[in-house]
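TrEMBL has this to say about the protein:
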type	residues	note
TRANSMEM	A:20-40	transmembrane segment
TRANSMEM	A:47-68	transmembrane segment
TRANSMEM	A:74-95	transmembrane segment
TRANSMEM	A:107-130	transmembrane segment
TRANSMEM	A:160-178	transmembrane segment
TRANSMEM	A:207-230	transmembrane segment
TRANSMEM	A:236-254	transmembrane segment
TRANSMEM	A:261-281	transmembrane segment
TRANSMEM	A:293-311	transmembrane segment
Amino acid sequence: MIAQTLQSLPQVLVDGVTLGAVYATVAIGYTMVYGILELINFAHGEIFMSGAFIGTAILLVLNGAGWLAHLPKLLVLLLTLLVAMALTGLLGMGIERVAYRPLRHAPRLIPLISAIGVSFVLQDVVRFIAEWRTGNYIVTGVTLYGSEVNFGSITVKSNALFVLGAAVVMMAGLDLFVRKTKWGTAMRAVAQDKDTAALMSINVNRVIALTFFMGSALGGATGVLFAQQYGTIDPYIGFILGLKAFTAAVLGGIGNIRGAMFGGFVLGILEMFASAELGPLTGGVLGAEYKDVFAFIILIAVLLFKPEGLFGQAVKEKV
Amino acid sequence: MKDRMPRLRARLRQPRTQAMLLAAYTALSAAGLAFGGLSILWFLLLLVSLLLLYYSDLPRMVKWVWAGVVVAVLLPVCASNGSSYESFMEVATQMGIFVAMALGLNVVVGFAGLLDLGFIAFFALGAYTYAIFFSDQANHFIAGHHFPLSGDLFWLCLPVGLFVAALFGVLLGLPVLRVKGDYLAIVTLGFGEIIRIIFNNLDKPVNITNGAIGISSVQAPRFFGISLSFPHQFYYLVLVLLAIVLYAVQRLEHSRVGRAWKAVREDEIAAQAMGVPLVRTKLVAFAVGASFSGLMGVVFAAKQAFIDPTSFTMLESITILVMVILGGMGSLPGVVVGACLVTLLNIQLMPELTNWLNTLTTAGVINFPSALSPSKMQRLIFGIILILFAVFRPQGMIPAKTRRYDDAVLSRLAAEWRETAGGARRDGAHPAVPGYTSGHAAGQEGAKEGASL
């Protein structure tokens, strides 16, 4: 049995890293917002979902107009990504403006409630646009890079390389941005102490809006890549994926951007491993359908034994 | 005109006048329900009479008896006149179930300030507890042919379902309640989904829940040899349970633990400093809320005689949350009203609106795309309600009232206490100053409302 597991391990790793890249980029959105506002942005999973739908819609329209065959694929993918990022980024900013900013001084419970509200509204708006235009809310998009490449016993969708590449580029870019630029410094200052940052002539509201824009744009771009990778999307994909990305953020230490990246990859690999090996390892008692449960158990375990995450610092609450 | 207003007002304040007006209003709406068309409208008006009753200055016993007569006698009798008696009772039963669940969630969210987004999981636990053992499902994994259990044992299953749900509430709460509050929301959200996935897949290796197919032909409960199967029978069952839940919640709210919940909600650190055991207080809230949900789950399974995992999705959890937020967190009348309104919206108003739009579409009057049909728009409507209430009216339609204590009364009580106790240190004499702890616990809120303490 171990031999069998070992044999399938490379494939599991490749699939896991691809999925992990998705989790990691979505987890960054959670972690950035949490780091700066101490708020779990429940709507972030839905922003990811909106990104997937925007990207799919753009490709479907291009395809319908017959342009897709004439344009270079890479250009189309990049354009789609950019448009989806801009739109989801603006969406994230809008959500912050409408549902979170008025509640910045409200009791902690209240913004969570409006966040739930936002995510429900987004699910339904996307649902009825999709259902209205295509007749079904489950949409199958156009896959640009659908071909599969074989390396020995491993099969890789060529799109997976784009997922990984884009994820790495975005993460590296974000990391540089946060550490090296003026705006990034402002972001870190606001995360540390809003009032003091404001005294240092940082426009706190603008920094928070920018944070939402960037986190959401990353989520949206990941959505586009996700739709490319897995083909079929529906308005409810954001919920469970958001939950797992959040788990990844907690695993890496919430508020810590690099931690979120690491947590995403760990979770992706663990989950792929679970879905491939849970059946054989337990003699068929537990199947792949428990992979969602698996992620949840990781969340509980982290909260139990290391609530500050792998890279986070334990914060003492001061009165 | 001007000098008559105060006299009118004074008269309105008299309990007797209030009772007469209330009786007239109740009679009118009951008559409307019995003889008029548009039964739902009259039904609502009759329910409003209960709200008015709540606000009246009648003695508490009178209120309870009055409300009991209205819901147990007047409502069914008046509704029985119409042709749709049973469907009417069905709506009322559903309403009762949801009111009880919303009251349970209110303990968690409203009193203790913990956001539970997977509340339906406990409902599912209760429902499956009943369904598995009161159908032949349990024969799949317990040897011998003992199942289904007789419907007479339903009454025993009620506390069992309650206990199972409470147990899971504690089990879930133990790891989570130790860490910061926000995690609770997302963990409960996950838990709700996980319970559904587990029930959905637990048909192998041992068939416990029959997976996605669900469990059918669940035994009807029996009451002294009468098998309960009609909606109006369940209506009375739910009514009795609801009365118990309502009474329990009301007593809990002002009890020691209830005050501790509110203290934790307002400020965890301050509460801890005042000697409130943080984790235990939260766990109790979690367990109490879950247990109501489990209790109603048992009733739900018995009523439906069929359950499958689709009844326990996240949408249901959020529906109950909407009831609490809409009505007012921590406010019992608010939560009851919120639950009634949302249930009506869900199972009466939206389907009817959809039907109406569909008939218009088929008649060719308008072309209404089915994607936009109101019964599919629950998420949108609930989402908008949540955002609007969170931003503009977080205290809900009927805000919770903090008990206030009159300075004069308090100082008089304190003086009496000093006299009787003679300044001797007797801890047992504390009850003589009943207001003190409560007023303090609700400090922040009380100050906001200009309490006199």
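Heads up, the Cβ atoms here are built off N, Cα and C, so glycines get one too.
Curation does not apply to TrEMBL; its annotations are automatic.
Note that the coordinates shown come from a computational prediction; the quantities given were computed from them, not determined experimentally.
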Recorded stretch, among A:20-40, A:74-95, A:160-178, A:207-230, A:261-281, maximising Cβ pairs under 8 Å relative to the transmembrane segment (A:47-68): A:207-230
Chain residues outside the transmembrane segment (A:20-40) and at least six past its termini with a C-beta under 8 angstroms from it: 47-48, 92, 100, 104, 111-112, 115, 163-164, 167-168, 170-171, 174, 187, 190-191, 207-208, 211-212, 214-216, 218-219, 221-222, 225-226, 229, 241-242, 244-246, 248-249, 252, 254-257, 259-269
For the transmembrane segment (A:236-254): best-contacting stretch of A:107-130, A:160-178, A:207-230, A:293-311, by Cβ pairs under 8 Å: A:293-311
Same-chain residues at least 6 beyond the ends of the transmembrane segment (A:207-230) whose Cβ lies under 8 Å from its Cβ atoms: 18, 22, 25-26, 28-30, 32-33, 36-37, 41, 44, 47-56, 77, 80-81, 84-93, 95-97, 101, 141, 143-145, 157, 159-160, 162-163, 166-167, 170, 174, 177, 183, 186-187, 190, 197, 237, 241
